Amino acid sequence: MPVPGSKSITNRVLVLAALADGPSTVHAPLRSRDTVLMAAALSSLGVTFTDREDGGWDVTPGLLRGPADVDCGLAGTVMRFLPPAAAIAEGEIRFDGDPHARKRPMSTVLGALRSLGADVEGDALPFTLRGTGSLPGGEVTIDASGSSQFVSGLLLSGARYDKGVTVRHDGKPVPSLPHIDMTVETLRSAGVRVETGANLWHVEPGPIAARTWHVEPDLSNATVFLAAAAVTGGEVTVPHWPSVTTQAGDAVRDILRRMGCSVELSEQGLTVRGPEKLSGLDIDLHDESELTPTVAALAALAEGRTIIRGVAHIRGHETDRIAALVNEINALGGTATETEDGLIIDPAPLHGGVWKAYADHRMATAGAIIGLVVPGVSVDDIGSTTKTIPDFPGMWDAMLTEAR
Ligand SMILES: O=C(O)C1=C[C@@H](OP(=O)(O)O)[C@@H](O)[C@H](O)C1
Ligand SMILES: C=C(OP(=O)(O)O)C(=O)O
């Protein structure tokens, strides 16, 4: 089951290609709502995107300038990565997004940009940046316990600030740290000097190198297809699984093993075989929080209790995922309860019903996983999956047809 490119890598690469010192080529990017919105936003600021026959993009940087209106959709990577880049543009740039996007935390990024010298009006979507064509940059201390994207966004553009950027974190632990490692690694592969310490990141001012990028498959989206094997006792192989990666989704190998699956990484890719019955587990997903909906769906079908810890901040994801998962599992007859930093799921026989997606792609795919084994489950908004997978229903059908 081949899966499309990584959202997180694609949107980092698009920002770096837009800020680079010459034209870049991006092979195998994800083309879904989040990444198309990123490309559209950068185009509206003066960057040129040319479609390649192989599905990639050639990206030619331009002098960034407004006026422009940026639609962030529901994409955390657009709303947190783009404003730090737009801060070096000249002119007025207005940002807005989907209704729920207006509720996602933004004030940390906007406050940081203000203290680095930007003129920003607003503390959440919608907001407006008025730029002069450059930004002083320098040191800033933020509380990034709400999202690793606050740090990643500042680092991605920091090399283009006059003094570079030094970001210090002060607060509860930063979630989703592999995503910051991904940011640092991506910057370094574009020739940017980055130094890191405990809760400290420094990006030297300097050029961002134009280059050819190859985007890995999206391992977090792959977890949904692997979960299909896990819950049905079947077998699924995802090809081109990287042997070394900063993607948080790689943690699924260990998670599925702990739940009783056989997991094998070979030249063919990652192969998962499901057991007769999955086992529940006690797991801290602080580093891999975007896997919570997949793990919760597996847990709802497992034997024994599952405790998911360390994910308080996912109340600020596409929806309040802790509340949404508990509501939807219980609506099908399950036994899930919210905790302060996660949820507890106890085994219970599930029945059919409507699983609500709350416009959240990972809620929708969690419902699809449960629907494979519980008759009569329908997901109310499968279209929300286009956020990070262009054709989830087509891929799901293809997987099931192959299995028959
Ligand atoms: O930088 C990124 O690409 C992401 C960082 C993480 O965000 P949080 O730190 O808000 O969890 C992750 O959950 C999200 O899906 C993608
Ligand atoms: C949290 C997620 O997305 P975003 O990039 O919009 O924050 C996600 O994809 O699980």
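Each Cβ is built from the backbone N, Cα and C atoms, and glycine gets one as well.
Record check: TrEMBL places K7, G76, R104, Q149, R362, K387 at the phosphoenolpyruvate site, and the matching candidate among R31, R188, R321 is R321. Rounded to a whole value, the Cα-Cα separation of R362 (phosphoenolpyruvate binding site) and E290 (active site, proton acceptor) is 8 Å.
When the binding-site residues R362, K387 are compared by the number of other CB atoms within 10 angstroms of each CB, K387 has the fewest.
When pLDDT is averaged over the domain 'Enolpyruvate transferase' (3-394), the result is 98.
Taking only the Cα positions, the spacing between S148 (3-phosphoshikimate binding site) and G76 (phosphoenolpyruvate binding site) is 10 angstrom. Candidates R12, S176, E290, H317 (recorded positions) were compared with Q149 (phosphoenolpyruvate binding site); those inside 10 Å Cα-Cα are S176. Closeness to ligand 2 is met by G76, E290, H317, R362, these being the recorded positions among R12, G76, R104, E290, H317, R362 whose Cβ falls under 6 Å from the molecule. For the pair formed by R321 (phosphoenolpyruvate binding site) and R12 (3-phosphoshikimate binding site), distance between Cα atoms is given as 24 Å, rounded to the nearest Å.
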